[in-house]
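Novice: Structure below; questions to follow.
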Amino acid sequence: MASVCHTSTATLKSSFIPSPNSLGSTPKPSQLFLHGKRNQAFKVSCKVTNNNGDQNQNVVDTNSVDRRNVLLGLGGLYGVANAIPLAASATPIPAPNAPSCGTATISDGPEVPYTCCPPGMPEDIEKILYYKFPSATKLRIRQPAHAVDEELIAKYNLAISKMRELDTTDHFSPLAFKQQANIHCAYCNGAYKIGGKELQVHNSWLFFPFHRWYLYFYERILGKLIDDPTFALPYWNWDHPKGMRLPPIFDRQGTALYDERRSTQVRNGTVMDLGSFGDKVQTTQLQLMSNNLTLMYRQMVTNAPCPLFILWRTLRSWEITLKPQETVEVIPHIPVHIWVGTARGSKFPDGSTSYGEDMGNFYSAGLDPVFYCHHSNVDRMWNEWKQIGGKRRDISQRDWLNSEFFFFDENKNPYRVRVRDCLDTKTMGYDYAPMPTPWRNFKPKTKASSGKANTSAFPPASQVFPLAKMDKVITFSIKRPASSRTQQEKNEKEEMLTFNNIKYDNREYVRFDVFLNVDNNVNANELDKAEFAGSYTSLPHVHRASQTDHVATATLQLAITELLEDIGLEDEDTIAVTLVPKKGGEGISIEGVEISLADC
């Protein structure tokens with residue numbers, strides 16, 4: 001953070017350094033942020049291409065690298081294998097002359113038994129043209145999947161069938177079903193490296209723009225295969241109660257949209273859990289829907305008041321350590337993957353062991369057609385977030401706007417694309433059919449407890465942390481840096497509850513929830529309560545710092561100013577905090593906890 005003061009620390013602070021920003025103060029709603037390590041700093045002189053194709057040298061400040069040529073190709077990223085170490089060489093990060101793609105590894109498993117690397121990648125990426133949007137007389141309109149008509153269902157099945165046929169008739173075509181799925185495999189399971197470091201498009205500011213471009217070309221390819229340029233992907237409207245089930249079009253056995261490797265729990269109209277962690281929550285359908293709407297409100301409104309919390313996790317240095325995710329990526333993006341994928345460790349009919357396939361593991365997620373409809377709604381959330389207003393807008397950082405990706409279009413032509421060209425979906429030729437967003441008005445108001453918790457009944461944080469494992473519900477008391485703050489003081493500084501140096505096994509599903517002013521008897525299956533502060537969750541992912549190191553590290557920060565107001569604790573010097581493990585708790589350790597006042 002740009003400024004942190006008045007800190008009350010329960011134990012030694014971790015070595016994590018909050019990301020600096022220049023966004024200034026924000027409104028006071030509770031905010032969730034997660035910070036990863038920043039291990040490296042580079043100073044690079046780079047050429048930056050403007051809209052006219054001209055190149056100008058720009059020297060980037062220390063601690064930043066111009067991302068103009070972060071080139072993410074069909075099935076993977078092509079980086080700077082021939083240009084390391086990074087130095088003030090007056091050239092942008094180039095693509096190498098040969099692919100930088102290697103073997104991908106299944107999260108918590110063996111190497112992927114097939115290559116995720118793309119065939120026919122151009123040798124000289126600098127000769128590849130920038131993509132220009134074709135002229136269109138009308139927008140392609142993406143419809144909610146639960147409400148599409150039979151005509152669109154027939155077109156969608158036909159398009160996917162033709163794409164699957166290419167796996168047999170033209171396997172090396174960039175339009176083939178498995179080649180399209182391999183895009184996600186290579187990006188997310190360790191196949192691509194820059195300077196010897198693995199690239200992961202998730203967990204950073206590349207998450208939204210990469211997937212937007214990915215779906216853009218995927219959609220156009222489907223339209224080309226059925227000779228219908230107006231074809232648009234439906235979106236899985238899981239943020240609305242009517243869409244909180246697997247869309248029926250994907251549950252028709254024998255069709256191209258069906259995937260037999262999905263979890264059996266998703267069938268027959270089962271209500272989904274937007275906070276899924278691999279186990280079924282024992283509660284009513286109505287309560288589950290209420291929990292889902294609460295999670296959407298927290299992640300889209302409370303926890304994401306400005307770009308830092310939904311977009312701005314910079315990629316300016318290459319690290320093996322996994323970076324933490326932004327709010328929407330943590331929940332609901334990851335839980336939807338977990339909910340649909342087969343239970344890890346279960347057996348398939350052929351006797352093989354499941355690693356969460358298909359949706360529950362990044363290497364295989366693209367093999368399930370529902371993946372693209374899931375991410376269509378994730379993409380829609382980017383639009384919806386900006387429409388809420390306030391400071392919710394795209395960032396202007398050059399390193400982000402000039403980041404590049406590489407794709408083949410529907411005619412098998414190679415193109416480079418840039419982040420700055422995908423900020424407006426209408427400019428890209430598509431939009432979303434409107435649907436109500438009831439989560440916008442679903443701020444939790446009901447309290448889980450009456451009055452104020454007796455903080456003297458709980459051990460102070462200094463006696464609880466370091467926490468070796470979270471194998472049970474834990475409640476502790478912690479002092480605040482200031483109480484009874486004026487509204488101006490609240491506007492200038494956000495009160496942050498920070499859990500430092502969280503460590504867990506990155507091969508496992510992980511989730512824990514945080515509540516204020518409750519005790520160990522809190523009903524953790526009811527999230528629609530004012531005391532619910534937020535959650536941390538993680539999907540297994542590749543992490544090869546060494547052959548034996550599977551430990552991921554993160555910092556969880558929750559802004560609690562709004563929460564303290566809602567539950568009547570603004571004037572209290574000490575508050576009670578409760579941690580509720582949902583999954584993987586025995587493998588979660590936390591070095592320390594603190595409350596501080598900080599800029600947004």
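Any Cβ shown, glycine's included, is placed from N, Cα and C.
Curation does not apply to TrEMBL; its annotations are automatic.
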Novice: Check TrEMBL and name the cysteine among C101, C185 that pairs with C117 in a disulfide.
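Specialist: TrEMBL annotates a disulfide bond between C117 and C101.
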Novice: Taking C185 as one end of a disulfide recorded in TrEMBL, give the other end from among C116, C188.
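Specialist: Of the candidates C116, C188, the one TrEMBL pairs with C185 is C116.
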Novice: Among all protein chains shown, how many Cβ atoms are found within 10 Å of the Cβ of C185 (disulfide bond), not counting that one?
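Specialist: Step by step: centre on the Cβ of C185 (disulfide bond), count other Cβ atoms within 10 Å, giving 27.
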Novice: When you put H184 (Cu cation A binding site) at the centre and draw a 10 Å sphere around its Cα, which of the recorded positions C101, H333, H337, H375 have their Cα inside it?
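Specialist: Taking C101, H333, H337, H375 one by one, none has a Cα falling within 10 Å of H184 (Cu cation A binding site).
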Novice: What is the one among the binding-site residues H184, H202 whose Cβ has the most other Cβ atoms less than or equal to 10 Å away?
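Specialist: That would be H184, with the highest Cβ count within 10 Å.
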Novice: How many neighbouring Cβ atoms, not counting its own, are there within 10 Å of the Cβ of C117 (disulfide bond)?
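Specialist: C117 (disulfide bond): 21 neighbouring Cβ atoms within 10 Å.
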Novice: Could you tell me the mean pLDDT the prediction assigns to the domain 'Tyrosinase copper-binding' (202-219)?
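Specialist: Here the mean pLDDT over the domain 'Tyrosinase copper-binding' (202-219) amounts to 91.
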Novice: I'd like to know which of the recorded positions C116, C185, H202, H333, H337 sit within 10 A of C101 (disulfide bond) at the Cα level.
Specialist: C116
Novice: Are there any residues in the same chain, six or more apart in sequence, whose C-beta is under 8 angstroms from the C-beta of H211 (Cu cation A binding site), and if so which?
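Specialist: Expected: H375, V378, D379.
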Novice: How many neighbouring Cβ atoms, not counting its own, are there within 10 Å of the Cβ of C116 (disulfide bond)?
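Specialist: Excluding its own Cβ, C116 (disulfide bond) sees 27 Cβ atoms within 10 Å.
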Novice: What whole-number Å value do you get for the CA-CA distance of H202 (Cu cation A binding site) and C116 (disulfide bond)?
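Specialist: Distance between the two Cα atoms comes out at 17 Å.
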